[in-house]
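Peer 1: Positions annotated as transmembrane segment by TrEMBL: 37-58, 70-89, 130-150, 162-181, 220-241, 304-326, 356-377, 415-437, 443-462, 474-498, 510-529.
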Amino acid sequence: MGVPSHTVENGSVLVDSGQSRLRELGYKQELKRDLSVFSNFAFSFSIISVLTGITTLYNTGLTFGGPISLVYGWFIAGGFTMFVGLSMAEICSSYPTSGGLYYWSARLAGRNWAPFASWFTGWFNIVGQWAVTTSVDFSLAQLIQVIILLSTGGKNGGGYEASKYVVIAFHGAILSMHAIINSLPISVLSFFGQLAAVWNLLGMKISGLNMNSGLSNPPFLTYSSLLLGVVLLMILIPSVATERASAKFVFTHFNTDNGEGINSKVYIFVLGLLMSQYTLTGYDASAHMTEETKNADKNGPKGIISAIGISIIFGWGYLLGITFAVTDIPYLLSEDNDAGGYAIAEIFYLAFKNRYGSGVGGIICLGVIAIAIFFCGMSSVTSNSRMVYAFSRDGAMPLSSLWHKVNKQEVPINAVWLSAFISFCMALTSLGSLVAFQAMVSIATIGLYIAYALPIFFRVSLGRKSFVPGPFNLGRYGVVVGWIAVLWVATISVLFSLPVAYPVTSETLNYTPVAVGGLLFITVSWWIVSARHWFTGPITNI
């Protein structure tokens, strides 16, 4: 029998079903419950932000496989990601709390394993989230640097190339702005979240310079932006594009010229999947926002699934639009082009420069993407802070009493600024070595997906018989879908730890297993030495 979902009547007072379920789980309502289903969706959609992930790692897709890896790899990663999302949505419906993944693990692993399962999942989740914020805001800082470079003449025209210290300063300023916005009341933050979702959809249509992809049925607030995007697209297609790739190139060309000593097509295709899988992360935000979402036992799952589904559809359209503008892969990846090897920036810049003799229009398009990435980072800090709030509420963090405090506007403001500070510290590794920084942010994909898989694994194993589904459930297919999700995460954890260049040296080594292994070692060691004596798992406050 499932957990009921409806707005229940308590005497003459109507109680939100999410709030009622939260109380059943042992928590009192401390955060303001004011988010609609669209607002909940908007936070996850903004963190997934296909404009962010695809723009940031498009070079990786072009290098490893090119169009085939981009066009078909997107659907492979997207399909398996939906299995992960469906399993998470089912669990979220039963346990709609801000703690999300680590709380789910505690409830599903059984009494004996609950404390360790909760501890392990929680730390992988929270560090993975911080790594996501670090990588998103650092990628924005790098894009701003490229926009400045192109605006001042480009690399071949004496343009200004910012030093690594300037880039890290950009990063710090961006994080500060995100922390300030996240310190505002949730009603204001909700507006920014919805604006972010609309901007992402609009941005994808503006940036699709050469092709109009099929439209899905987006939430009603995005409808007007889609109309505007189509109009802009209709203007840009005939007026901007001077050269475009053939359909045969886009749908059949496989790039094996990667310059990394890798010749196996299967190996190359696997490495090309990283762009897609990196992009499709962060949708656990819908779970972390459930204590602020109306009817969260229904709307939290809807937020997760719709964010993934809409991202897959519009992300593919964005990929097609960009890839139809690719005519010379080696040149786009060359550090000697005007954008310094930033492929998408060079595509936009050349599209307008070849037509009008000036790349200003391309720079404006990059500005559209930069704003989308800004919103992505903003929503990421929101999700981070709610995870910190919940994890510290259960006593898992040093100085927990400080981090779970909320202000008069019912915002966990200390958790907001802690998340911004740690994300800045993680980015400081870029000053020493980009290799070290890449190892740090690799946790954003592998570490976060391990945190996604753990409660699903407990759901289909230790908690298979005890799990009580909520109003959203997969019925008899729940276990099958769960095992597919777990196996996919195990697969990508191995694949994305493989070397990305041969011969393997200190400069070409894939440090992902080192970074994830380091986090594993620290988490388990801390548990054995100390935490097992005092951390008992989620603590109810009623």
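Just so you know, the numbers here start at 1 and follow the chain as drawn.
Cβ from N, Cα, C; glycine included.
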Peer 1: Among 70-89, 356-377, 415-437, point out the range having the most Cβ pairs under 8 angstroms from the transmembrane segment (443-462).
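Peer 2: Top-ranked stretch among 70-89, 356-377, 415-437: 70-89.
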Peer 1: How about long-range neighbours of the transmembrane segment (130-150): same chain, 6 or more residues beyond its ends, C-beta under 8 Å?
Peer 2: 47, 49, 52, 55-56, 159-162, 166-168, 170-171, 174-175, 178, 281-282, 338-340, 342, 345, 349, 359, 362-363, 366-367, 369-370, 373-374, 376-377, 380-381, 384, 419-420, 422-424, 426-427, 430, 437, 440-444, 447-448
Peer 1: Applying the under-8 angstroms CB criterion, which one of 37-58, 70-89, 162-181, 415-437 scores highest with the transmembrane segment (356-377)?
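Peer 2: Ranked by Cβ pairs under 8 Å, first place goes to 37-58.
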Peer 1: Top stretch among 162-181, 415-437, 474-498 for CB pairs under 8 A with the transmembrane segment (70-89)?
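Peer 2: Going through each listed stretch, the top one turns out to be 474-498.
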Peer 1: If we skip the immediate neighbours and take only residues 6+ beyond the ends of the transmembrane segment (474-498), which ones have a Cβ under 8 Å from one of its Cβ atoms?
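Peer 2: Cβ under 8 Å, 6 or more out: 80, 83-84, 86-87, 90, 267, 270-271, 273-274, 277, 442, 445-446, 449-450, 452-453, 456-457, 459-460, 464, 510, 512-513, 516.
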Peer 1: May I ask for the residues of the chain that lie six or more residues beyond the transmembrane segment (415-437) and have a Cβ under 8 Å from a Cβ within it?
Peer 2: 129-131, 133-134, 137-138, 164-165, 167-168, 171-172, 175-176, 178-179, 182-183, 381, 384-386, 388-389, 392, 403-404, 506-507, 509, 511
